[in-house]
Amino acid sequence: MAVTKLVLVRHGESEWNRENRFTGWTDVALSEKGRAEAQQAGQLLKEEGFVFDFAYTSVLKRAIHTLWNILDQVDQQWLPVEKSWKLNERHYGALQGLDKAETAAKYGDDQVKLWRRGFAITPPDLTKDDERFPGHDPRYANLKPEELPVTESLATTIERVIPYWEEVIKPRVAQGEKVIIAAHGNSLRALVKYLDNMSEETILELNIPTAVPLVYEFDENMKPIKHYYLGNADEIAAKAAAVANQGKAK
């Protein structure tokens with residue numbers, strides 16, 4: 001049976017991850033730790049013998065720079081890369097820029113968990129005159145007005161991620177190309193939910209650690225056979241737990 005592999009990687013720690021702030025579509029750089037995490041991810045992929053044919057990422061530099069660091073480690077800087085806003089992090093609306101722990105202290109841990117992890121629950125909207133509204137950003141100049149979010153849930157994130165997977169990425173994987181996707185916690189949760197046919201309740205508890213390669217193996221019909229992280233299991237579990245705890249009051 002022919003097996004095709006796909007690698008998913010959440011970006012390394014960003015400056016706002018480090019500061020425990022809601023980020024969303026805000027274009028925040030990797031922290032020094034995040035760059036090191038991305039390089040380590042590249043080393044793991046190199047040690048496992050991964051060689052890629054194509055890469056996808058978002059239009060946000062924390063994901064782009066994670067991909068750059070990975071490709072540097074596997075010596076494939078020349079690899080063709082397609083960037084799409086459809087792989088962006090979920091838009092966190094008016095929460096973008098706020099401290100997660102302070103927000104939890106104000107509204108309660110349960111409310112913040114619902115905003116962060118609830119399937120169809122959206123954070124408070126931005127207004128379109130807010131400087132954080134993506135309509136003011138030139139990288140989104142070609143988007144239709146209805147494509148510019150003022151907030152998003154995981155459900156609405158799925159509505160942009162899955163068509164992009166089905167129409168753009170999946171055909172490459174299906175023809176045997178080795179693809180890597182460097183994206184974000186929620187755009188990857190959207191894809192994982194779809195690939196694994198996860199329930200809304202199960203996805204609520206799924207936390208994707210920063211910069212740990214997640215490998216999916218597919219059969220000839222593009223059905224997932226199995227998936228697994230590369231790296232030390234205890235370290236990966238600790239990273240996932242840290243992600244889960246970000247939205248709690250101190």
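Every residue gets a Cβ built from N, Cα and C, even glycine.
Look at Swiss-Prot and you will find 10-17, 23-24, Arg62, 89-92, Lys100, 116-117, 185-186 tagged as substrate binding site, backed by sequence analysis. Annotation source Swiss-Prot lists active site, tele-phosphohistidine intermediate at His11. Look at Swiss-Prot and you will find Glu89 tagged as active site, proton donor/acceptor. Sequence annotations record features per position, and here Swiss-Prot assigns site 'Transition state stabilizer' to His184 based on sequence analysis.
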Count the other Cβ atoms sitting within 10 Å of the Cβ of Gly24 (substrate binding site), across every protein chain shown. 26
Going by DSSP, is Gly185 (substrate binding site) sitting in a helix, a strand, or coil? helix
On a count of neighbouring CB atoms within 10 A, which of the recorded positions Glu13, Glu89 is highest? Glu89
Highest CB neighbour count within 10 A among the binding-site residues Arg90, Lys100? Arg90
Distance check, please: Cα of Arg10 (substrate binding site) against Cα of His184 (site 'Transition state stabilizer'), rounded to an integer number of angstrom. 5
What is the separation, in Å, between the Cα atoms of Gly185 (substrate binding site) and the residue listed as 'active site, proton donor/acceptor'? 7
Measure from the CA atom of His184 (site 'Transition state stabilizer') to the CA atom of Glu13 (substrate binding site) and give the result in Å, rounded to a whole number. 11
Check: min Cα-Cα distance from Gly24 (substrate binding site) over recorded positions His11, Glu89, His184 goes to Glu89
Near His184 (site 'Transition state stabilizer') (Cα-Cα within 10 Å), the recorded positions in question, chosen from Trp16, Glu89, Lys100, are Glu89
Pick from Arg10, His184: which of these recorded positions has the biggest number of other Cβ atoms within 10 Å of its Cβ? Arg10
Long-range same-chain neighbours of Trp16 (substrate binding site), Cβ under 8 Å, sequence gap at least 6? Phe22, Thr23, Thr26, Val28, Gly97
CA pair the residue listed as 'active site, tele-phosphohistidine intermediate' / the residue listed as 'active site, proton donor/acceptor', Å rounded to integer, equals 10
